[in-house]
Each structure stands twice: as C-alpha cells, then as structure tokens.
Amino acid sequence: MVLLSLLLQTILIIFGPLRKTIARVWIRILVWSAYLSADMVATVALGNLARSQGDSSGDGSKKANNSIQAFWAPFLLLHLGGPDTITAYSIEDNELWLRHLLGLVVQVGVAFYVFSRSWGSGILPFIAIAMFIVGIIKYSERTWVLWSSCSKSLRKNFFSLGFLNYYYDTRNPESDQQREYLRQAYTFFHISKFTMQDFVCSYLDLMLSYIRFFKIPADGAFKVVEVELRLIYDMLYTKAPLIYSRSGIILRCTSFVLSVTAFIIFQHGIEKHAYSSIDVAITYLLFVAAAFLEFYAFLCLVFSDLTLIWLVDPGLQQFIIG
C-alpha cells in the first residue's frame, strides 16, 4: 500500500500540471483517478501500519522490521499533503477544507500512535521526528491552501488596489513588448478576480480594460490571456498562494533541510543489516521520492509565470510575495 501511495503521488506530480495546458481526455481521467485514490490509499496504508504496530510481541528481527515500517508513517503524511502542482481537482474541492482539517488532526494522531509504538533506543526514532515534522508541514500546507482558495477567503483578499496604482504609475509604452505582455497579464489576472466572485466592475474600469486589451496585437492578446489563465489556475488548484509567500519560502527551506538531514543520518548512522533488505529498499525509495518532490517544487517555482513576471519587473515583488 505504501508503494501504491507513492505511485499515485508520482502520477499527480508528473501529470497534474499537464491538464493546465493539454486538454486530453486520458490525462484528465488519469489525474482524476489518481487524485481521488491518493488520499484513500495513504489513509489505508497508515491504518495498516497502526494495526501492525498494535502487536509489539515477537522476536528481535520482527520488532526491528516493525520499527522501520513505522518510520514510513511520516512519509504517508507527506503523501496526504499532496504535491505542490495539484491541491484541488475542481473548484468545489476548495470548499472542503474543513474536511481536510479534520483529516489532518486524525491522521497526525494515527501517525503519532504508530510513531510512539515503535519508539526504541536507536537513532531511527530521532530521524523519524524530522520526517514527522516535514509530513505535518506538507499536510498543513495543503489544508491552508484549500482554505485560502475557498470562496469566502477569495472574497476577503480578492483585489489589491495598490497593485493597479503601481502598474499605472510605472507603465512605459516604449518598454519591451514581451515584458509589457507579462505585466498586462498580471493586471488582468487581478481584475478577473472581480468576476470570479460575482463582483461588478464599474463602467469606467470595463472601458479602460477594453481599450487597453484591444490595443494589443492579436498574437500578443493570445499570449496575455494564456498567462492570465495559467495564473488563475495556479491560484485555484495548486499551492502557489502559499509558495509565493514568506511563510511558504520558510516552510520550503525547513522541510528541505530536515529531509536532507534525515536521509544523511539514515544513510550513515543506521545499521541496516538489522532490518529486512526489502524494507530498507522501500525506505530509500520513499526518501528519493521525497527529495524528488522538493526538487520538482523548486523547479516549478523557478520556471513559473509569477517568477518570470517578478524578473521582468522586480518592483512587483511586493505584490507577488506577500
């Protein structure tokens, strides 16, 4: 079950972002199936670990195997947190953030039970503490992002007048065309939040947007709309609202340092001959997957539209990173 959970996470990481730009039926079905199954499989796997830890009797090798299997519980919390590239499949999923909050409390409690039952005298429990923190961070991130993307939260934080003032004050018609397209896409992205929450723009705002948009050449207009739609998608269906915040950057650095530290200690500080070779191989696979998730999240951060907009206009940092 742990490997199946890992497989589903890999599918979501790789194919989740593709549905933003590729409208293929098989991609939507694959992502939809993986999204619906991922939480259930991780929950069942965590329950199986709790059941296996319920019986602590047996010889030394059995207790050792139970100990390393209990070490997988924090990784399952990480899986329940989901990848950065998809937190919701549809906009209605964001309204279920309370359910995920309850799931966070329950699953952390189950993982803590598994963790406490396997506590021993070796160094493995201390490595598990680091991964336990990473798992809680990831699961909490998903819950927070779902809450921040629900309709009530969007209504409270849907618009920044300061950004429009900055845009009009710094607009330069003679600047690079591609740079101006990105700035305009970010402007329309802010304005589109009005209609997404059923607010009505004033007639003057509509006319200004109309005039500004129809001054753009046809190919440029398609580029502006493309970037705007990608920004809207990231806001509603990914962890972008958290990643592009000071808190998100701090959490990213913390989870990365803890994951790397835990892997190094596991590699050099654990006597692996005391455990089953299959369990050790699965543990290495979980570590590699966790590292891949962090690295992929970093690449998504570096090559995203918001990063590109920030680079072409560093003054937008105050609006992108909150």
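Each residue's number is its place along the chain shown, starting with 1.
Each residue, glycine too, has its Cβ placed from N, Cα and C.
What TrEMBL says about a protein is an automatic prediction, not a curated fact.
Beyond the ends of the transmembrane segment (29-50), by six or more residues, the same chain brings 1-2, 4-5, 8-9, 11-12, 15-16, 18-19, 69-70, 72-73, 76-77, 79-80, 82, 86, 89, 103, 107, 110-111, 113-114 to within a C-beta distance below 8 angstroms of the stretch. Positions annotated as transmembrane segment by TrEMBL: 29-50 (among others).
Marked as domain 'DUF4220' by TrEMBL: 32-311.
Marked as transmembrane segment by TrEMBL: 71-91 (among others).
The transmembrane segment annotation in TrEMBL covers 97-115 (among others). Long-range contacts of the transmembrane segment (97-115) within the same chain: residues 39, 43, 46-47, 49-50, 53, 70, 73-74, 76-77, 80, 125, 128, 132, 135-136, 139-140, 142-143, 146-147, 150, each at least 6 residues beyond the stretch ends and with a Cβ under 8 Å from a Cβ of the stretch.
Same-chain residues lying 6+ beyond the ends of the transmembrane segment (122-139) with a Cβ under 8 Å from its Cβ atoms: 67-68, 70-71, 73-78, 80-82, 104, 107-108, 111-112, 115, 251, 254-255, 258-259, 261-262, 265-266, 269-270, 290. Marked as transmembrane segment by TrEMBL: 122-139 (among others).
Under the heading transmembrane segment, TrEMBL lists 249-270 (among others). Here the transmembrane segment (249-270) has long-range neighbours at 122-124, 126-127, 130-131, 133-134, 137-138, 141, 242-243, 283, 287, 290-291, 294, 297-298, 321, meaning same-chain residues at least 6 beyond its ends whose C-beta is under 8 angstroms from one of its own.
Non-local neighbours of the transmembrane segment (282-304) in the same chain are 2-3, 6, 9-10, 13, 17, 68, 71-72, 75, 78, 83-85, 131, 134, 234, 240, 243, 252, 255-256, 259-260, 262-263, 266; each lies 6+ residues outside the stretch with a CB under 8 Å from one of its CB atoms. Taken from TrEMBL, the feature transmembrane segment covers 282-304 (among others).
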